[in-house]
Amino acid sequence: MLAETARCLEKIRAQRPLVHNITNYVVMNYTANALLCLGASPVMAHAVEEVEAMVELADALVINIGTLSAPWVDAMFLASRAAIERSIPVVLDPVGAGATAFRTDTARRLLDEFGITVLRGNASEIMALAGLNSTTRGVDSVHATDEARSAAVELANVYKAVVAITGAEDFITNGPKSARVANGHPLMGRVSGTGCVASSIVAAFCAVHPDPLVAATAGLSVLGIAGELAARDNPGPGTFHHLLLDALDAMETRNIEEKGRIAVSWEQ
């Protein structure tokens with residue numbers, strides 16, 4: 001799996017897939033820079049007048065509901081429909097699902113009406129979308145990854161999608177198969193945007209690998225390794241935020257081989 005992760009990163013840097021992000025205002029700039037440092041090409045476009053045309057150019061689509069409004073929801077549906085028609089991967093980031101009915105209902109409609117490739121969220125978001133009682137603090141999770149594992153498997157089976165829960169340890173499943181990624185650093189939870197960046201990085205990996213379970217696992221491992229490298233000298237959160245971009249840019253095969261911690265299980 002580590003060798004496959006390294007090959008995916010090489011493909012991203014060689015092919016520079018265009019990742020179309022309909023994402024939130026909070027993370028838009030940081031996400032674009034993270035994709036550039038990874039080796040992909042980002043575009044941030046959410047106007048209903050152009051999202052379908054932009055999807056025609058893209059290699060993957062990210063739908064992030066972090067700063068929702070009615071026009072953005074319309075754009076998300078238009079873009080998702082266009083992406084499905086083109087058979088390009090779609091990654092849904094249900095930011096804050098469970099916190100408000102608007103967020104939860106929007107995420108569920110996207111799941112119900114479109115063939116989402118990967119659903120990437122924190123434990124509280126995944127539990128909420130599975131209809132379980134969960135607690136959120138704004139858009140932050142108060143549940144651990146293991147608490148949401150069964151919910152992730154259920155959602156993966158229902159929607160025929162890959163579901164990825166990110167946290168202290170990441171859990172990725174397509175229902176019958178699953179993987180765990182133990183890479184990362186606590187500083188990743190002390191700055192805004194790392195979860196949203198994770199979704200966009202997963203989309204870039206999905207653009208170059210046909211198996212979304214492998215792609216999501218590889219992408220989350222690379223981001224986690226970058227977090228570990230960025231935290232080597234115990235920086236403060238502000239410095240870490242910038243060092244994470246540098247670590248993505250400097251990522252090499254040897255970093256993946258030396259630091260990657262991926263465990264794969266082929267049956268639940």
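Using N, Cα and C of the backbone, Cβ positions are placed for all residues, glycine too.
Under the heading substrate binding site, Swiss-Prot lists M44, G193, citing sequence analysis as support. Cβ-based neighbour count (10 Å, all protein chains) for G193 (substrate binding site) stands at 21.
Marked as ATP binding site by Swiss-Prot: R120, T166. With a cut-off of 8 Å between CB atoms and residues at least 6 apart in sequence, the same chain places V91, L92, D93, V163, A164, T166, G195, A198, S199, V202, A216 near R120 (ATP binding site), listed in sequence order.
Of all the Cβ atoms in the protein chains shown, 18 others lie within 10 Å of the Cβ of M44 (substrate binding site).
Take the CB of T166 (ATP binding site) and look out to 10 A: across all protein chains shown you find 29 other CB atoms.
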